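The transmembrane segment annotation in TrEMBL covers 12-30, 78-99, 111-133, 139-163, 175-199, 205-226, 301-322, 366-385, 391-411, 466-486. Per TrEMBL, domain 'Major facilitator superfamily (MFS) profile' is recorded for 19-489. As annotated by TrEMBL, region 'Disordered' applies to 241-284. Sequence annotations record features per position, and here TrEMBL assigns compositional bias 'Acidic residues' to 257-266.
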Amino acid sequence: MPPLCFGCLSQYTHHHLVVFLLTFFSYVLLHASRKTFSNVKVSISAQWTPSTHNDSVPAFCPVETWEDNHLFADEKQATLFLGALDSIFLFSYAVGLYLSGIIGDRVNLRYVLCFGLCGSAVVEFLFGTLTEWLHVYNIYLYCSLWVLNGLLQSAVWPCVVAVMGNWFGKAGRGFVFGLWSACASVGNILGAFLASSVLKYGYEYAFLVTSVVQFAGGVVVFFGLLTSPKEVGLHLESETGLSPVETDTDSHRPLMSDEEDDEQEVETYSQRCRTDQPPEEPEDEPPYAIGFFQAFCLPGVLLYSLAYACLKLVNYSFFFWLPFYLSNNYGWKEAEADRLSVWYDVGGIVGGTLQGLISDFMGKRAPVLVFSLVMAMGSLVGYSRSPNDKVINAVILAITGFFIGGPSNMISSAISADLGRQDILRGSQEALATVTGIVDGTGSIGAAVGQYLVSLIESRLGWMSVFYFFVVMTGGSVVFIVPLLVRELRDMWRERQALRHQL
């Protein structure tokens, strides 16, 4: 049984709090801007399609006006293109994750993180605000900007997970990372409220607000983030937490002094004679970054990556399509649908924190994941039959977010950190960002395929078939985690047998 997570909190310093908050809010701002796109889909669809009830259109030239200001002939075509944009973003995001994870293990994490935050903010401003102000509507421009946005945003997650892994050891990691991984859900909530508050002025102002705030956050992170405890004289021990780096009491003396060198040599020699100990071995060389395929072949990385691909497909389908579904299926106003959708994220916040805490007490992650995902399949079926009542819908939605968002947060944060800090990597600790990029990149590929399938299934078979598709994919993630569950249960049985023999 691992030590209690609350007892582990006493070892942390104010530096840990600053790192926790800066990395947390970095991803909060990123997800708030990402959520803006899904929250304004109805407005964008209306802008991109003609309206026969628009009195401002001159009666003598409606065709010319439509061709100049609109991209699609009807709402279905616009919906398919919105789904294609989601898939384009996630595919480029997935490719970028594989690359940024490798870069993050070789370049200063702070530089990569800030480049992703500020660059993405600029692209989102161009995509949602400047094009509308200039009345530029072009499919190829939208696709190009969204590909670039996916590549830039992919630099953020591997970096923040690597920084957190550098500062927080394995003891209590499930609780700390479970609480910290709520950053995505908090960002979704913040993005929903920001978008709904300015949506009456036009969807371009929703993009403007979130992109400006995100750019400012990137500047703050650049000047305030410490990527490793070694920068302030602390050393991370993977199991027990932190210990101070051994330093000289005379560290402020001149670097070169013949008298002090002679005195130090005499003192060192006398100490060796008294203790009869051999001279200290030279420090180990700094850890080197392992290759992509080496990281991919680490135990558990492949199975968790495939499980996350299925799970992220479902999680991001709710992320991208939930406000659109609520508005179209129940006829609720877009702002009301945006606010109601946050209950899914509230459930994910609570689920990630509690499930991470339980996994710390158990010392195993897979049993908690399997139980939660099995319950998620039932909650998906229940939500697909939710009545046209906002209170009931919000309750079932929060339960669904608890059982889907919780495991998703665990795999993308705490489990990724576990995989990147395995005992097999003792000689090469610089693998955390690479492993995180692999897990999240594979998940993003699954999510990218899923977004197009969601729009395709909905247009041909309806939303009920979409929810059955979610149930199947959730079951697929369980299938990939079961071998890991068997291995963890076998390890627990062996540990108990060893304890019995000792007694």
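Placed from the backbone N, Cα and C atoms, the Cβ positions cover glycine too.
Source: prediction; values computed, not measured.
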The transmembrane segment (391-411) and the transmembrane segment (301-322) contact flag, 3+ Cβ pairs under 8 angstroms: yes
When counting Cβ pairs under 8 Å to the transmembrane segment (139-163), the leader among 78-99, 111-133, 301-322, 466-486: 78-99
Model confidence over the domain 'Major facilitator superfamily (MFS) profile' (19-489), averaged pLDDT: 79
Beyond the flanks of the transmembrane segment (366-385) by 6 or more, those residues with Cβ under 8 Å of it: 307, 311, 314, 351, 355, 358-359, 393, 396-397, 399-400, 402-404, 406-407, 410-411, 463-464, 467-468, 470-471, 474-475, 477-478, 481-482, 484-485, 487-489
Folded-back contacts onto the transmembrane segment (175-199), same chain, C-beta under 8 angstroms, at least six residues removed: 5, 20, 23-36, 39-40, 43, 160, 164, 168, 205-206, 209-210, 213, 319, 323, 334-335, 338-339, 341-342, 344-346, 348-349, 352-357, 360, 401, 405-406, 409-410, 412-414, 417
